[in-house]
Amino acid sequence: MAAQGFLLIATFLLVLMVLARPLGSGLARLINDIPLPGTAGVERILFRLPGVSDHEMNWKQYLCAILGLNMLGLAVLFFMLLGQHYLPLNPQQLPGLSWDLALNTAVSFVTNTNWQSYSGETTLSYFSQMAGLTVQNFLSAASGIAVIFAFIRAFTRQSMSTLGNAWVDLLRITLWVLVPVALLIALFFIQQGAQQNFLPYQAVNTVEGAQQLLPMGPVASQEAIKMLGTNGGGFFNANSSHPFENPTALTNFVQMLAIFLIPTALCFAFGEVTGDRRQGRMLLWAMSVIFVICVGVVMWAEVQGNPHLLALGADSSINMEGKESRFGVLVSSLFAVVTTAASCGAVIAMHDSFTALGGMVPMWLMQIGEVVFGGVGSGLYGMMLFVLLAVFIAGLMIGRTPEYLGKKIDVREMKLTALAILVTPTLVLMGAALAMMTDAGRSAMLNPSPHGFSEVLYAVSSAANNNGSAFAGLSANSPFWNCLLAFCMFVGRFGVIIPVMAIAGSLVSKKSQPASSGTLPTHGPLFVGLLIGTVLLVGALTFIPALALGPVAEYLS
């Protein structure tokens with residue numbers, strides 16, 4: 001079993017790096033504001049039609065463009081879900097959503113979280129899924145990538161005030177990266193057996209003689225961008241464990257690759273754009289070390305079996321509860337870590353049924369800010385915040401003004417970095433405390449034990465860090481939970497983007513200083529260790545007390 005697990009992890013990472021490298025080169029061209037071959041004419045036409053200016057923006061203008069697009073998308077999706085029953089492509093005549101569920105769902109998909117307090121096949125029409133959720137899957141992913149584009153430019157430009165043009169970046173990211181790659185993935189899913197139709201639900205007779213209603217719909221097209229954009233919201237309630245979404249072991253492997261593809265490619269692009277590929281490799285090493293350790297822990301915990309069943313004398317040599325038999329323990333464990341290391345949230349197994357330690361690792365990966373590969377764009381700018389913090393700590397230890405890539409890190413940047421890092425832990429801890437203090441919060445718990453607290457902590461961690469997965473024992477479709485989680489998702493997304501853009505605006509105006517003998521190397525194993533230590537230290541200090549009340553207490557009981 002250990003050899004199989006090692007081979008699975010090694011194969012996954014090897015294929016990932018091979019695919020991400022060329023994509024990283026393409027992203028580097030876009031960051032450097034170089035149109036891809038044959039696209040310049042199309043771009044000019046698309047900008048001329050709506051009269052959009054392609055002039056460069058400062059950080060405030062860039063931020064306002066991103067926020068404005070997302071707020072418009074939020075309003076459109078909210079009213080679309082409310083009035084779903086008036087819109088076409090609704091063969092099952094599904095009614096509109098309640099205001100609180102519509103708000104939660106709209107915020108969820110606009111913020112790239114894709115938390116779902118509903119069952120897709122019994123709640124949403126084809127039009128809502130396709131014109132509402134799938135569109136936001138593209139736009140939310142493009143928004144995150146655009147922010148990291150601007151942030152990277154802050155290190156490569158000197159004594160400037162502009163970070164690029166948000167509309168140009170959004171157009172190029174969507175048309176030349178997300179749409180083509182998602183199209184290829186969708187066609188592959190269809191070839192493998194994923195659904196793509198607009199038929200009414202089909203009544204069939206099962207082998208037992210009973211009748212069953214099979215849901216239909218345009219699944220493959222949504223599934224592709226759901227994974228590529230680290231969105232994660234499933235067309236069906238069972239998400240990627242449903243055979244209509246994820247029909248074969250090969251589609252499952254491609255789905256895991258798609259989740260990590262753009263976050264990995266962005267690391268390669270970062271190294272290429274800064275002129276020092278070692279910087280990108282440093283980030284990949286730090287992410288990969290944490291990732292491999294976490295996968296190993298989850299695999300070990302799940303292979304041990306369920307201790308409660310073992311205590312009762314039942315056969316539980318491995319923990320198969322909540323897992324698809326066609327995928328098994330090792331693949332389910334790998335997928336769980338992939339989907340929570342990135343801000344995806346898609347699942348092929350129920351995380352609520354993992355062992356105490358097996359479920360704690362995905363929860364902790366979200367709590368440290370989704371920086372281990374992370375979401376498209378958001379993962380890298382989240383990790384870059386920890387890079388700045390690590391550089392600052394190192395500067396304090398050696399008595400020098402901290403600098404990174406030649407840019408001095410001053411008080412303003414550190415205050416904004418601390419603010420951005422503290423946003424999500426504050427939301428998680430205060431949100432969980434509020435839920436446990438109120439009857440409306442506690443009544444949603446399936447279990448009154450430490451595992452019940454873990455369900456609450458997982459839900460708020462998932463929402464605040466824009467992941468979207470859940471310990472599904474929590475009954476979250478209530479006004480209290482829909483509003484609480486919507487607030488956490490909204491602030492967790494834009495409360496980090498705003499200081500990140502402010503940091504970019506500050507750094508882009510500075511001159512780049514040449515490296516000297518006292519400059520801290522930020523590309524070697526020493527800095528990789530320092531960066532990993534910084535991530536672990538912040539995560540440990542912030543969440544160990546809360547984790548001790550949930551999964552740790554469950555493990556020891």
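Even glycines carry a Cβ here, placed using N, Cα and C.
Listed in Swiss-Prot for this protein:
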TRANSMEM  5-25  transmembrane segment
TRANSMEM  63-83  transmembrane segment
TRANSMEM  132-152  transmembrane segment
TRANSMEM  170-190  transmembrane segment
TRANSMEM  253-273  transmembrane segment
TRANSMEM  283-303  transmembrane segment
TRANSMEM  329-349  transmembrane segment
TRANSMEM  356-376  transmembrane segment
TRANSMEM  379-399  transmembrane segment
TRANSMEM  416-436  transmembrane segment
TRANSMEM  484-504  transmembrane segment
TRANSMEM  526-546  transmembrane segment
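Within its own chain, the transmembrane segment (283-303) is flanked in space by residues 1, 5, 9, 13, 17, 264, 267-268, 270, 318-319, 329-330, 332-334, 336-337, 341, 354-358, 361-362, 365, 371-373, 380, 383, 387, 525, 528, 531-532, 535-536, which lie at least six positions past its ends and keep a Cβ under 8 Å from the stretch. Counting same-chain residues at least six beyond the ends of the transmembrane segment (329-349), those with a Cβ under 8 angstroms from any Cβ of the stretch are 1, 4-5, 8-9, 12, 112-115, 226-227, 230-234, 239-241, 246, 249, 252, 255-256, 259-260, 263, 287, 290-291, 294-295, 298-299, 302-303, 318-320, 322-323, 358, 361-363, 365-366, 370, 372-375, 378-379, 462, 465-469. Between the transmembrane segment (356-376) and the stretches 63-83, 170-190, 416-436, 526-546, the greatest number of Cβ pairs separated by less than 8 Å involves 526-546.
For the transmembrane segment (526-546), the partner stretch with the highest count of Cβ pairs under 8 angstroms, out of 5-25, 132-152, 416-436, is 416-436. Contact between the transmembrane segment (170-190) and the transmembrane segment (379-399) is not supported: fewer than 3 Cβ pairs lie under 8 Å, counting only residues 6 or more apart in sequence. The largest share of C-beta pairs under 8 angstroms with the transmembrane segment (484-504) comes from 416-436, of the ranges 5-25, 63-83, 416-436. Beyond the transmembrane segment (5-25), the same-chain residues lying 6 or more positions past its ends with a Cβ under 8 Å from any Cβ of the stretch are 177, 181, 253, 256-257, 260-262, 264-269, 272, 280, 284, 288, 292, 295-296, 299, 330-331, 333-334.
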